Amino acid sequence: MFKREETKPVFVGGVQIGGQKSVVIQSMTTADTRDVEKTLAEIQRLHDVGCQIVRLAVINEDAARAIKKIKERSPLPLVADIHFDHKLALIALESGIDKIRINPGNIGSKEKTQRVVEACRERNVPIRIGVNSGSVEKRLLDKYGYPSPEAIVESAMDHVQILEDLNYDNIVISLKSSDVPTMIQTYSLMAQKRNYPLHVGVTEAGTQFSGSIKSSVGIGTVLSMGIGDTIRVSLTADPVEEIKVAKQILRSLDIVNNDPVVIACPSCGRCAIDLIGLATKVEDAVSTLKVPLKVAVMGCAVNGPGEAREADVGVAGGNGEGLIFRNGEIVRKVKETELFEELMKEINEIVNEQKPTTVG
């Protein structure tokens, strides 16, 4: 089985996928790609919360041509999502796209596929083969009875073979399913076939709540096996929420440790402060920081500092007041109305010791 450190490095613009321990976070815009300003505004929002690569829907030639203007001002590398029409891929490449998402077996004749491959080769643009449970060919459904992990992998390998026959190996592969166990098994099987980097995700995961859970279980399980080089959390929600979930998945697995994490107790009858409101406010305030920081927001002073002694900094509520602590040691007592501001002072002090960035 090829682990992420053993996969073939592929470059999307200046971002490396594969051949390393780190995992790249992606998303996809919801704006009409032809609307350049709206698309750029969405890309900027995604960039600001930690997205590293963004995909655009290319539904016609106007969208493909709009890529040129978007590319000129985009802070992120761009991926063109293309289905069936090889001309759109060629126009996107001429417009400066950084990566193409196609299935070679679905864009027409061998000659059309070869034209796209040669255009990608000239520009050193990778191709992502994107197979999911809904795109498995009828012959494979007849063979396996349903979109099984084996069927999805065989479908992907058929597309891979087309590119390999053209001596093209600048490839990324995704094999998504809306069924989490199927998705996990599929990536495990694929990791035994080739050392191409894998794009991991649960397709059609659902709304923000249910989709976040399905994606966390599916993506998290695959990543915990050492498999997966880039991820996209698919949610029926603002794409910014996809990035937040993706970052927490990576942080929870210690794949990245340069982002803050907020831990908070579930509250109980001893809690005498607005714990939920405070924890949410703190999480929002530290979300844009790029420092390894663990912040604890605890509901009471009975065992708050002790339970959160591994945190760098935190608060423990009391009756109209609370304790500020660092590394499990109490620093001072403050009024409840001052808890957030005093905690942010401590956080800024820690941040300033590492880099000149402030929040609050």
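Backbone N, Cα and C define each Cβ position, glycine as well.
Positions annotated as [4Fe-4S] cluster binding site by Swiss-Prot: Cys265, Cys268, Cys300, Glu307. For Glu307 ([4Fe-4S] cluster binding site), the count of additional Cβ atoms within 10 Å of its Cβ stands at 17 [all protein chains shown]. Under the DSSP three-state reduction, Glu307 ([4Fe-4S] cluster binding site) is assigned to helix.
Spatially close to Cys300 ([4Fe-4S] cluster binding site) yet at least six residues away along the chain are Cys268, Arg270, Cys271, Ala272, Ala316, Gly317, Gly318, judged by Cβ distances under 8 angstroms.
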